[in-house]
Amino acid sequence: MNFTYLFVLIWLAYLVCSGVLLFSRGFLLARVSKTESSTCRRLSTNPNDEYVLSPEVVNEIFKDVNASSSSNLCLPQKSKVIILVIDALKYEFGVYKDNLTEPPLPYENKLKVLHELLSEKPEHARLMRFKADPPTTTLQRLKGLTTGSLPTFIDIGSNFASPEINEDNVIDQIVKSELPMVFLGDDTWTDLYPRRFKRAYAYPSFDIFDLDSVDQQILKHLPKELASEDWQVLIAHFLGVDHCGHKHGPMHEEMARKLGEMNDVISSVVQQMDDATTLLIMGDHGMTASGDHGGDSDDETNALLFAYSKKNRFYGSDAGSDSELLQQIDLVPTLATILGVPIPYSNLGLINFNLIPDVPVPHLSKFQTLLLHVWQNAQQIYRYFFSYALENKRTFNVDEMDKLETEFILLTHRVQTIYNEAAFKSFVRDLNVHLRDILNVCREIWVRFDPTQMSQGLLFCFLPIFFAFLLINNSRSADYGKIFKAKEISYIYLLNIAAGVFGYRYFKNFSFKTEEQGVIFFTSILSAVILAFYTLKHWTSIANNWSSVKRFSHMPTRLILFSSMAVYFSNSFVIQEAKILSYLLGGIVLLLAYELIQLSARLDFKQKFKAPQFLRSTLLRLILASLLAVCFIRFAFTLFRCREEQGNCTDFATQQGFVTKKSGLSRVYISAVVIIVIYTTLTRLYLRSCGNLTGNSPNVLLARYGPTVASICAGGHILLANSSIKNVHRVHIDAMALVIYALLIVQIVIVSWSPLMTFVLPPRNPNVISVNGKDSIVPEIFKKMKRMYEGDDAERRHEIPVVYGLATVYSSVIITFGVFLSMVLIVLLEPRAAIGLVASMAIGAILLSVNGILRYRTATSFESCVQPTFTALVGWFLLANFCFFATSHQTTLSQIDWRAAFVGRTTGLGQSNVISGALVILNTFCGHIFFFTVYALLSTETFSLFALFPNLIRSNSRLGKGDSATALSDVANESVGFDMTRGELSLYEYEDVFLGSNFKVATQFIMLQGLKIFCSMLACTIHCRHLMVWKIFAPRFIYEALATFVSLPSLILGYLLLLRIHRAVDSLIKRINKTKVN
């Protein structure tokens, strides 16, 4: 029975997640990659080659430049190329500022060699703004820099795993043209292009704490490669500047050091390069004031490009190219032109002649050379664009396509009439406008929506939420055993497997695009039919239970929940979501406090309000606790990260450049350490007061000493990882994080093996007589015999074992597990964020206390006592989402904390991308993971509070005079119909209702999370053509989808943890009973 509920939760979670996945496939569908490859006839000046330039060949070409024989030409190679990629080289890093009145910032005027070359040889050097397309992650930028195509939005997720590129690209074209290449640096290149390089010195790129290793390895091999003459293209990708930005930000002194090193590298390369080489220095993206990147702000998209040629000057702006700004996709055709190779098939960039060396081509005038280059580029873009449009007709506007085609036909006629430079300049200007129009059209439809998959995803996400609401939310906890029978659930799983196999096998017969869509469609349809059948079968009991619910009950809570869901439908609300959520959470806390005040007014002060009684009452303590929770919520405002759209956001640059980072970071680090120590100390004191730290069982020993060790390691990691001390080895810092990871793993093993934190006190031997040294033993023997003869109850009590920690037997294990889980999350978070997590847990503790007291005072039965109120459920749900913002996260791609991927993982300790991704997920969604894993505390806290603090939870008016123990037991029986003085042991005695109630709570959280992601999906559907869809709505959907994929397994894990504890309690009780019988 117990595991039947678990399988139902897994089933419902699968249905919701599959709907979200199907919607994402339709909404975030990537651009269709074309596998075609460009080819050309390579014209040569060597008489021995097949296609030799001659006056006759030139005349034949210009007789009809649109002819097939003239449309696939590659002019001779102009020079060798050295490409120095300096990761995250922002444009401002290379701009030289004269006459600085104040000391320069760490990044200012450090690349002096660029300024010197521009001053000495202005016609041989170019400095340009290098504009990247979002997302500005290294993997996507390298794809754009080599294919010339627009990036896909969702590809940011593959930044952890770089798949080989199968689309036509300039690297493959260079290889096909038999031009040898050498590579040094970031191993992302060799992941994207394996086996392409003559020699490759690739090094791991994902340890952002390491500023120097990769760069030093490049410098070790670069001099000998520059001296070698067996390559035509040399690529070196330096990572130090990017890693410095991630670790310290651009305002740190380490940035000055790294830029100074790059200045020396560039100077050395310039000295060693020969006259027949073109040097290209570029950044793949920029960085924000906090050193991050990934989004589409100007700071992130504005990189730097510098070009230099010793011998040959560059073509000027006469060729119609922009001299100040270069789109990154324009690098591909420009590089192909320099090397004399075909432009990749799917390229949408334009040749920028400001970077092309002016090398004369035999038998061709200057304008003829430029015209051939321009027209080859235009025909290549035309072939790709219209081929793509014909295969994806529904994607493009027909009228716009007709207009573009007409314009291009006119240009094909016009190109035949160009015989001088004036006509060429006019033609190039109009041609560039036309080709940019094509690029803009592609930008608008770069993601092609699939309305079928989007609508199916919405439907399949909504149906399980709807039927779960009808069937589970409106049934009593004791009835779930009758509704969900183990045998029936096993048949449901078998039917779903059969439906999945059918969808996988015959998806093409139903016009589905992928096997995945077929599997999701048939399993979701089948599951919806089964849920509908269950609902109809039990409709009578559902209707009866539903009719007992007041129509307008919990209306304020419903309005708060509705407000939190409505955020997704407005871009301004999404921007201000953190503040909105904090106000709503504060409203929930005050609403719970108001309900308690109302209740206390009726019970404790129903006759007359007395100030002394009020000052000693539970009500005042609860009001103060609620106000403390509101203060914690308000304090979290200082921990929120801002967005670029918020004008006063210091995470992004101002007009003058970067803003200085906030001072007082050392105080933040120390505060974080102190708060972590206080947190672990308080939890340990609580467990000790509950009696759960008595004995020597494995979990007791771990709970007694583990949190102390974890807090020491977490504090040491925070202080050393953010310290300016340079002689601390990274391995020693990582060891502290590894200890915390190990403690969580040990905790999981112990919970799986022996989870209880109880101690059974061995029964005292009733035949033993204890006397003092001064007393006579004879009277004591007489008294003992008399008690035994009269059958004294005290003698019988010796037969009943004393068990420490039984009153909190469930919650103690959950709290201990939560402590070790939270310590892992804390070490992954930044110090400020760690403070936010502890503050959120403090709010959660207050919510649990207020809900526990309110639940007891309003409960009329065991079921109503164990089932948390709807207001508490919504509060816990909002708290999990509030924790996301309180831990300094935002729903923007540029503010993902990639640093977490390397906590405790140096180069020698593994390079698994799966582990990196898991650590970032744990960091980003720490609130969802923690609060949903320990959700069972909502059901147990009432009982543990009553057992530990009876004077706090009971009503003063219900307690009469006389024996306090008897009165307390009577109060409990009178209130809820059973004795709550036994604490959480009562939960074991009513296990069907207890486990059913926790199953219901988990299902309600699944419904709330499902409703949240459904609203996000619906908002994206409504706003799919909104101006801000890719900047605001799509990132918000991605975050909420990932939160769903994380939250639902966390709920299942929380219920599984509860089941394991329950089985252990069952074994303990049976063992005690067996001992008594024996």
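Don't overthink the numbers, they just go from 1 along the chain as shown.
Including glycine, each Cβ sits where the backbone N, Cα and C put it.
Transmembrane segment is the annotation TrEMBL gives to one range among 668-687, 1008-1027, and that range is 668-687. Per TrEMBL, the listed range annotated as transmembrane segment is 454-471 (candidates: 418-435, 454-471).
Beyond the transmembrane segment (580-597), the same-chain residues lying 6 or more positions past its ends with a Cβ under 8 Å from any Cβ of the stretch are 556-557, 560, 563-564, 567, 573, 619, 622-623, 626, 629-630, 633-634, 636-637, 843, 846-847, 850-851, 853-854, 857, 869, 871-872, 874-875, 878-879, 881-882, 885. Within its own chain, the transmembrane segment (519-536) has Cβ neighbours under 8 Å at 11, 14-15, 18-19, 21-22, 456, 460, 463-464, 467-468, 470-471, 483, 492, 495-496, 499-500, 502-504, 507, 510, 512, 542, counting only residues six or more beyond its boundaries. Counting Cβ pairs closer than 8 Å and at least 6 residues apart in sequence, the transmembrane segment (1037-1061) and the transmembrane segment (802-828) reach three or more and so form a contact. Within the same chain, residues 693, 703-704, 707-708, 710-711, 714-715, 718-719, 722, 757, 812, 815-816, 819, 822-823, 826, 831-832, 834-835, 838, 841 sit at least 6 positions outside the transmembrane segment (668-687) and bring their C-beta atoms closer than 8 Å to a C-beta of that stretch. Taking pairs at least six residues apart, the transmembrane segment (874-893) and the transmembrane segment (802-828) share fewer than three Cβ pairs below 8 Å and do not count as touching. Across the domain 'GPI ethanolamine phosphate transferase 2 C-terminal' (874-1042), the prediction's mean pLDDT works out to 81. Within the chain, the transmembrane segment (491-507) has long-range Cβ neighbours (under 8 A, six or more residues past its boundaries) at 7, 11, 514-515, 517-523, 525-527, 530.
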